[in-house]
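To keep things clear, I will list the structure first and then write my remarks on it.
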Amino acid sequence: MDKSVLMQKQVRDNAEDLQKEFLDMKNWEEQMKHKDEQLRKEAGGQIVLPPIRRKHKNKTENAVTKKDESNTEMKRIKSYDYTAWDKFDADKACKEVDKEEQSDESEDEHMSKEELKRAHEQATKHKNEGNIFVQQQNWSKAIGCYSNAIKLFPYDAVFYANRALCQLKLENFYAAESDSSAAIQLDDSYVKAYLRRATARMNIKQYKEAKRDLEKILKLEASNKEAKLLLNQIENKLKCSEWYFVQASTTVKKDDVQQSTIEKESTKETTIEKKIADKMWNNSAPKVQSTGTKDIIKPKHMKENQVITNVKDNIENKKDDAGTNIKKKRDLRIPDWLPEKDEVTVIEPIEKPPHLRSKKSLTKIPIQELEFGIDQYKYTNNKIISNEDNLVQKEGRVEEKEPNKESVQIEEFNKKFIQMEGQKEELCKDPVLEPRKENNCVKVSQPSKDIKFTPIPKTAVQFLMNWRKNNSLEFRYEYLKQLPENSLPKIFQDSMESDIFSQIIEILSIEFIKRKDQIFRYLKDLSQVKRFRALIMFITNSDKKNLKTLFEYCKTVENVSQDEISTLKDKYEI
Amino acid sequence: MDKFEKPQIICHIEKSVNYSLFDSKWIPCSAKFVVMGSRPRGSGIIQIYEVSSGELNLLKDIERSQPIKCGTFKASSLKDRYLATGDFQGKLNIYNLEDPSIPIYTAVAHNEIINSIDGVAGQSIGCGAPELVTGSRDGSVKVWDPRQKGRPVAIMEPKEGEERRDCWTVAFGNSYNSEERVVAAGYDNGDVKMFDLKAMAVLWESNLKNGVCSIEFDRKDIPMNKLVATTLESKFYLFDLKTHNPKKGFAYLTEKAHNSTVWLVRHLPQNREIFVTCGGGGSLCLWKYNYPEKRKIVDADGINEGVVGDLTLLQNTIISSQPVSSLDWSPDKQGLAVCTAFDQCLRVIITTKLNIF
């Protein structure tokens, strides 16, 4: 045949081949789709796979029996002379083997029964040693022995339970709890382990969990006396803590002070936070229990308002329930020998995880040391009154400095003022009389305390925060008083609002006039605040009235020149 | 004349994509394959395509934060068909392609890019535990078992203080029973190392003078038979692994091809004597290995020595203008393969007449 004919045939054949191939492809695609579908539907029986590769520990043990593990390991690797990688791997492998021995318990899944038996025997030896130490009450050494035993044979609940006992004795309650949990995991009918866990949990204040454990014990062994005893204790404690929270909120309800709402919120907060804290802080050190003898408050990572509420609650508790309630349900932690056991409330430390803690710096809380037998109530009263006396004395001194003529005028002015502002009469009364009438000195003392801690604001936000936080007139007076001259425009820039503006004017007209302080500078400062004209445009009638009295005051008391007053008056559009 | 009797390599489907392709793999027991690569903005992408009557249907598009360098199905059973991938950050991830949003297995495998990944024993039963091996620029080769979270089952790396060479390629082999297994690794300095995982020792090492781009055993699940290693400078080596001579090592042959870097070698799953090499110029060479008459001889000292056979070039085609970065033979259809090249194209190719060999 001719060559060219042959070639033609080849080309045709190739084309045919390709056609066939493409056709085949199509069929194959169909087929594959079908197969794919089937595979996906198939549930597929579990194929038994070989174990995960390990560092050949088992094999080495099988090959070279009764030799130290590390020895065999070393020897084995030496037998391979491929230098570089080999040597390196030896070190690495050894480390890895050690690591695995500790971390990966599943390693021992492949231990033969014989090996397990041997390990158990050795571990039991360690355990017996530990038991001897326990009899000698050498707890830490006993723990060492049990740990060794566990390392050798981690499947015996007894080792864990015994170690838990030692941990309990050493007051490592968290360790004790985890050990007993491990024991329970291995043997869920191990009464002793439950008992130990319950004790540990009680000590770390997980009462509910402890209760559950005890109930489990009683299910397993209905006549277990220890469990019953513990259960009683726990129930008492549970009741007590419940009572504490209920009590705290009810006293607040009784309280008719305006702050009650805030307090309630924060007590709620504390209870919730306490619960959270209890859950999250399982690993924290045993909680600080406040002693009964002295009423020492140790705020640890508390928010300042919580501290205050706690202190308040404390005092109020004492006031309101002079023994009636507390006698019935006294906190278990208060020892009986305390003389004023009925009047002591235990203040729980508030423990919060770091991310929930306040970012504010801690406020100083003055610690009062009280002597036994003195009625607290009276004591605080006296103290406050003496405070007020001091205040009065100060005022007196101020008055003395003022010229006599003027003081007469002021009195007149004051009277006039009081008549004008009839509705605010009670607030404007002589400061000497005020605290005597209002016996609830705790609340009075509160703002004056706060003032000391409120710094001079630098921005409008700071100002507004402090301003709004405490709306007592006295506080606001002190707050304004400490502002240096010309600071108001700087603080506020252009963010003065009309309500704040009128509040400031109100304070000026009430508190400042009452105390005969300088007002003119404030009026001047206010007039320099940006957007002042806008503020004046929206001024209310009562504000206008106040402003008029203020100017009157400036004229008569401060002796400001007529010119200055009139220019300022123009600005205020009066 | 002869030319027409040879197998033909035909580009069946060509598809251009808008990202760099690094690897492609057939999904076992399906007409689908995955391609892995890197978006221009530096994120990773996995796409699943289905071959359907001469066309490619994009089935799924999986975006990942890191570019993906390599992937394999080899360590996963036919039922699961999980894709194990290695990315530029050195992370080893295993995805369930049915629900690829979260990898079912993640491990920070290496400090640097994982250049190569291989798996074994996923589909073949009785050949040991399913395992993955990864080779990275950080110079280490790590063996992973998907059942062990976060921790490799074996690490092979240079000693502290020794130079760490970039590991370019890894491959499993010799996994014919549940214990025996070998990992071969090729490095940028031309080193080839064979690690025996059973003994945890270096079984054999050699230097091929040029960086080793790709290495593959002709079969994973048989006692090791042949190994092909391709290198820079248009050379590849074929080792006969049946007989190891203590002095001369394994018998081998070298072959020049492509006139450029030989990027890749892939053995045909249906015939282990046939393999394809991919070149830097976008060329594919199809080779057939012919065994010698006797595979070993006894030398003067009475020690066995291997004998290497020869290679026949079956076909040489250029399919791309850029280097072919990956090629995967379909395990289910002889002659069908998917390949990716640096011209941002993926191609489904058909090789005809493979059945006659």
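Cβ atoms are placed via backbone N, Cα and C, with glycine included.
Annotation comment: TrEMBL describes A:197-237 as coiled coil.
Beyond the compositional bias 'Basic and acidic residues' (A:109-129), the same-chain residues lying 6 or more positions past its ends with a Cβ under 8 Å from any Cβ of the stretch are 51, 58, 61, 145-146, 148-150, 152-153, 155-156, 158-159, 162. The annotation compositional bias 'Basic and acidic residues' is assigned in TrEMBL to A:109-129.
If you look up TrEMBL, you'll see A:35-71 (among others) marked as region 'Disordered'.
The region 'Disordered' feature in TrEMBL is assigned to A:96-129 (among others).
Confidence over the repeat 'TPR' (A:123-156), given as mean pLDDT on the 0 to 100 scale, stands at 87. What TrEMBL records for A:123-156 (among others) is repeat 'TPR'.
The repeat 'TPR' feature in TrEMBL is assigned to A:191-224 (among others).
Residue counts for the repeat 'TPR' (A:191-224) under DSSP, helix first, then strand, then coil, are 27 helix, 0 strand, 7 coil. Shown for the repeat 'TPR' (A:123-156): DSSP residue counts in helix, strand and coil, namely 27 helix, 0 strand, 7 coil.
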